[in-house]
Every structure is written in structure tokens, then in C-alpha cells.
Amino acid sequence: MDEGQLSRGTKAWWWVAGVVVIVYALFPVAWIVSLSFKTPSDLATGNFLPTNWVWDNYDNILAGDAQELFLSALRNSVGISLIATFISVVLATFCAYAIARLDFPGKRLILTTALAVAIFPVISIVTPLFNLWRNIGLYDTWPGLIIPYLSLTLPISIWTLSAFFRQIPWELEQAAQVDGATTWQAFRKVIVPLATPGVFTTAIISFFIAWNDFVYGISLTSTEAARPVPAALAFFTGASQFEEPTGAIAAAAVVVTIPVVILVLLFQRRIVSGLTQGAVKG
Amino acid sequence: MSTTSAAAGEVGQAAGGNGGKVPLSDRARSERRLGWWLAGPAFVVMLLVTAYPILQAFYESLFRFRLTDPDAREFTWLNNYWVVLTDSVWWRAVGVTVLITVITVAVEAVLGFALALVMHRALTTLRPILRTAILVPYAIITVVSAFAWFYAFDINSGFVNSWFGWLPGISENTNWFGEFSTSVFVIIASEIWKTTPFISLLLLAGLAQVPEDLQEAAKVDGATWWQRLYKVTIPNMKAAIMVALLFRTLDAFRIFDNVFIMTQGANNTEVVSFLAYRQTISRLEIGLGSAVSVLLFLCVVLISFLFIKLFKVDLASARGER
């Protein structure tokens, strides 16, 4: 790196640019955090920060009136997103291995299909599923969301993993086969350990996408049985009908943002490489 | 590195890969079979969750069918499409969607590029911090972003009016969600904030592929910073730029969450996805809703086609092939 040669002035400018980026990225988050600590009377002051910091809103969603609505939604979101992520990562792992390592006709077809599915307008799937799910009893159930979630998580998993798998030194697999391992053994004993970081990263990205879903969540559920958090946020009501649910929504928003921020803090380097490899890798 | 088929070919033998004249060896045949055994399930699931629903939607769009009145279901050929396409509601939704898409993608392209440049050149100490910060908007739930921006501008709980009251046209009583232009402004702002990181990360990866010695050569030849940007950097990462723009355009065209949370389509801010939602879920007009869904799907296909044909987007690079 030739950073040592940079003049002090240039360095200062890069710091300024960096700070601007950080403010840009975190300002709305800071605002929703601030909002979540405000009392109802504090909302209309037009100030950014609360005058009194109170935990009332968190009390409300975790132990109070909104508890039923929020905690069940949280349970649904975590469960449904994890299961959808798990299924798509397992399917995609096999698929991407085949694409990266084996020679068979139809590879391009599979990758093109993944691309087409990734750009598919979600709402176009909702309309037919809404009717079908009502007829076969999947409306407002976990599987009723997990299945359509695969349309979101599977294509990106296949892409990201194919890109990761292409970078694994295939000679190792060959060496294992020369040493007498079958294709399956070579896969399990040699490739899996090398591939685990890629699989893990893919799972995180896939989880973000499932966690973020709103269209399916709002359209294919009607009760607390399956409604995920983003959809539940739209249904929050105030403590009385004259009270805005602002504080409760803000607190709930903060709670569901925490896991995302933790994952980002821990794995930022991997997430970036996963996101970019899937899309613009030569 | 695209060692894919070459690798498999070598591991197999000369006959593998070419197919045709030379009969496939057992090894090659079993490799093919294994390939489809491994990739097949994912492929089938993808088709089941998209191709099947869109065909079903097309089928249902041919009926006049409202869930509240199932007995009156009637096959009406393409009548639903006629109803939708002759209705100003549809065209207004398309107009709003296109407006939001064009502004969002244009701003994001510039902003995302600037962000990518900052990250690309950032000091080593700053780089992980920037990467972490930029990932937060990407990973945050869109609905949360929508609420954050909504409450910031909201006349009751927002701080924007009191912070920016000194600007012409903004006062304590400015109701941002009271009319079309200001509502769309906030919707676009939230959308841009949330999705610019994605585009900037794609562009950052593209920047990393621009050969450094080309930059150096241009610098030695006396090219200014702008000249280098226009003559060296951008042409060398054209593929990355086009892929990023295509993805974001298609994504922006599907915009739903922000509109739902902020306006519910009030003040003519209804977008195509929301129109489809309202027809199907709120009004239970399965036939009409399906027609809107199919038309939205066709719009997305058309946009992809235009990008690929007009701008010659190299999808092979998007798929990770060379």
C-alpha cells in the first residue's frame, strides 16, 4: 500500500468522505432508535433525540399489550426464515457443486433459470398462490410462506455458491479420487471443508432476504399463526385508538434490526465477497 | 477462473464433454447422471415456485372471477386484459412506477459509484468500518427503512420540518404525505437509502477488476482525474455497471414495501405491484388481479429484453461464466 506517501491533506479528505458515508448509512437507524425511546408526548416535539429516554415502548412489545402480536411475529419470522434458508442452502449446495465440478448438459439452463427466478416480480406469484393456498389449506401457515420464500432465497443461493465453488482448487478433489476416493467421498471429505465458508456466507445472505420479505408475509397470512415481523409492523395499533403506534413500531423495528446488525458486524468481509461474487464474477 | 468444464473433461476422458459421435464412456455418463441428480431438485423447485404460479395466474386471468362471488365465475378470454389496459388506473400506476424506477436508478448509479470510489480508495484502517456501515442499509428490513423515513418526514412525529424549516417551501405544517410529489420524494429517498449499498458493492467489485497499470499509464500520460474516470475506469467496468443497473431497475420496478407503508397508494402514488395486491388481496378480484400480475411479469421480461438487446448486457458475466 502506498498510503504512507499520501499527504496529510489527502488523508484528511478520505476521512471526511468516510465519515459522510458512515453518517449516510447509519442516520436513519439512529433516528428509529431515538424514536423507540421516546414517550408518546415526546413524539411531536420535532426534536431528533428524546427529552426523556424511556424503555416503555420495549416494555409494551416484549411484555405489554403488543406482546402477543410482536412475539408471535418474531417467532414466525425467525422460524420461517431459518427453515427457508436451510432448505435453499441444502438444495443450492448440491446444485452449485454439480455446476462447478461436473460436466453435464443443462448447466447454462439451470443458471439462466436461477437468473430469471431472481428477477421475477414477487407479486405475480402472490396472486395465484393466494387462491391456491386457500383451497389446499396452506393459507396462513408456515409452509405456506416457506415454499414461496424459496423463490427468493434459492436463486441467489445457487449463484453465490456456484461462484464460491468455482474458486475451490479442484486438483484436491482429483487428488482424492486418484487416491481411491469416489466422487461422493471426494465431495464429502475434501470439498465440504473447503466449501463451508461459502455455504455459511450464502446462508447469511439468504437469511437476510427471507427476513426482509413483506409481500408474501402481508398477502399470504391473516393471523398470528404465521404472520412475520415486517407484516406485523403494518398491523400495530396504539395503546388506545387515539394513540399512534409509533413508539411500539420503532421499538419492534429496533429489535428486528439487532440480529441483522450483529451478523453484519461479525461477517462483513464475507458478506461483501458473497454478494459481489454471485453477481459480477468473471 | 473458469476451470469448470475443462476440469471435468480432464478428470473424465477425451470422449466426455463433446458428446455426439464418440459414445459416452461409463464415467462420463455417470457424471452426467450425478450432475442432474444433484442439480435437479433445485431446478425443479425453482420451476415449481415460479413457472407454475405464473402459468396458473395466466389461466386465472382468463376468467371473470371474484372470490366473494365464486358461482359467477365465467370464462371471458382476454377480457380482463382489455379492462386493465383501457383503465387509466393501470396506466397511472405504470407511470408512477416508471417515474420512481428511473429517478431511483439514476440517483443510485451516481451515488453508488461515488460510494464505491470512496470504499475502493479508502484508507486500510477505514475500509472495514465503511464496509460494515454500508451493509446496514442493505441488510435492514425494507419495511423498517420505510417506517424510519416515514416518521422522519411525518407531520406529527418527524424532525425534518423543524430541521429544514428555513428552506423555502418547508414549514412546521408541511404535510409531506398530503400530495403526490412530496410523497413520491420520500418514497424514493427511502428506496435509494436502502438499495444504494447493493449497487455500490457491485460497482466496487467492478472497480477492483480495472487493471491498475492502465490507470498508472494514463496518469503518466498526464490524464486528469476526470479523464481517467471517463476514459479508463468506466469503459473497463462497463459489464459490472450494466449488470448492476439491470438488477436495480428490475428491483425498483417491483417496488411495494415503501409504498404500502407510507401512502397505501394515496395521492395517486399507487404502483403496479400495489395495484396487483389491491385487486387480489383487498378486493378479491382474482381474475383482474391475475391479469395485472401477468402484465407486471411481462413488463419485467420486456425490461430485461431491452437491457440485453439495447445495452448488450453480458449476462454470462452475471452468471459467473466467461
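Cβ coordinates come from backbone N, Cα and C, glycine included.
Lifted from TrEMBL, the feature list:
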COMPBIAS  B:1-13  compositional bias 'Low complexity'
DOMAIN    B:94-307  domain 'ABC transmembrane type-1'
REGION    B:1-24  region 'Disordered'
TRANSMEM  B:34-55  transmembrane segment
TRANSMEM  B:89-117  transmembrane segment
TRANSMEM  B:129-153  transmembrane segment
TRANSMEM  B:286-308  transmembrane segment
Remote residues contacting the transmembrane segment (B:129-153) - C-beta distance under 8 A, at least 6 residues beyond either end: 115, 118-119, 122, 159-161, 176-177, 186, 189-190, 193-198, 200-201, 257-258, 260-262
Same-chain residue ranges lying at least 6 outside the transmembrane segment (B:89-117) that approach it to Cβ under 8 Å: 134, 184, 187-188, 191-192, 195-197, 199-204, 206-207, 241, 244-245, 248-249, 252-253, 255, 268-275, 292, 295, 299
Chain residues in Cβ proximity to the transmembrane segment (B:34-55) (below 8 Å; excluding those fewer than six residues from its ends, i.e. six or more beyond): 293-294, 297
